[in-house]
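Here TrEMBL flags 23-287 as domain 'NADH:quinone oxidoreductase/Mrp antiporter transmembrane'. The annotation domain 'NADH dehydrogenase subunit 2 C-terminal' is assigned in TrEMBL to 289-341. Among the features that TrEMBL reports, transmembrane segment is placed at 59-80, 92-115, 152-170, 177-193, 199-218, 238-256, 276-293, 323-346.
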Amino acid sequence: MNPLVLTILLTGLGLGTTITFMSSHWLLAWMGLEINTLAIIPLMIHHHHPRAVEATTKYFLAQATAAATILFASMTNAWITGEWGIQHMTHPLPTTLTILALALKIGLAPLHSWLPEVLQGLDYTTGLILSTWQKLAPFALLLQILPTSSDLLILLGLLSTLIAGWAGLNQTQLRKILAYSSIAHLGWMTLVLQFSPPLALLTLLFYLIMTSSAFMMFKLNNTTNVNTLATSWTKTPVVAALSPLILLSLGGLPPLSGFAPKWLILSELTNQQMGTLATIAALSALLSLYFYLRLSYAMTLTMFPHSPLTPTSWRFTTPHLTLPLSISATATIFLLPLTPAAVSLITP
């Protein structure tokens with residue numbers, strides 16, 4: 001892609017998210033979301049592959065449906081209450097519609113079916129943007145319209161953790177596994193969102209770091225399914241050795257960084273007298289941990305069958321930039337000791 005065009009598109013992504021962050025009026029927030037959507041579509045389709053075209057079409061239809069629902073809900077709220085402000089969503093009807101539309105935008109279950117199919121048709125760089133940056137603006141709107149008590153948010157979060165855990169068990173495509181991982185992590189954030197918004201933001205920060213590490217690791221190895229992970233030790237032995245730490249951190253296994261937000265969320269749910277919900281969420285984490293363990297096993301403990309007489313093309317030097325992966329992988333592995341400091345900052 002032309003560097004000038006790429007710069008314009010990335011600027012549009014940043015501008016759309018910034019407008020949504022700064023807006024207190026629903027029309028401005030909707031405008032920011034639309035700029036964000038229109039800026040990423042050329043990035044998704046620039047390979048001109050049929051799968052990329054299909055993924056872009058599905059993404060556009062899902063985002064257009066969510067945007068239309070948000071606009072309808074904001075107009076309904078203005079008709080009922082006379083207010084266009086984001087923080088003046090007092091009537092339950094527009095509030096429910098807006099929560100469902102934002103859940104469709106970020107891919108919460110049961111409105112998640114578009115996300116694995118879209119990610120499967122994209123390259124890892126665009127998939128990383130879709131799984132991280134594109135979640136920020138809708139999540140900021142969810143924080144602003146947060147009701148005092150909403151069973152809908154708890155239901156969406158619980159369904160996301162359970163459905164993503166079950167659906168990821170029999171997947172062999174890495175991008176679909178990462179999509180279900182994203183759905184599960186967003187479900188954890190949604191569970192605790194109304195009880196402790198700072199804790200949800202801390203979980204979002206950990207999710208961004210860990211997901212970036214996973215995407216860049218798979219891009220560096222140029223692997224798209226579980227079977228090809230077995231060649232990782234010949235391509236990048238250091239990354240293959242560190243991969244279980246990154247993947248198990250995504251699964252929330254102690255003493256890795258991903259354990260901290262899950263433990264804090266379970267503690268907060270228990271303090272809110274929701275022991276049953278915390279138990280179900282903890283059991284759903286075991287489902288996700290299984291397919292992370294499967295990926296770790298395939299990447300480190302299996303060897304790709306090959307004859308020594310055939311050329312090994314995977315031994316060539318990789319052209320990818322490894323500094324971002326080094327930074328994010330280090331943060332993914334060693335952030336746990338800094339969690340008390342982060343918690344002290346978010347605790348009033």
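Note: Cβ is positioned from N, Cα and C throughout, glycine not excepted.
The transmembrane segment (199-218) makes no contact with the transmembrane segment (276-293), as judged by fewer than three Cβ pairs under 8 Å among residues 6 or more apart in sequence.
With a cut-off of 8 Å between Cβ atoms, the residues of this chain six or more beyond the transmembrane segment (92-115) that come close are 33, 58-59, 61-63, 65-67, 69-70, 72-74, 76-77, 80, 134-135, 138-139, 141-142, 145, 147, 150, 152-153, 156-157, 159-160, 162-164, 179, 182-183, 186-187, 190.
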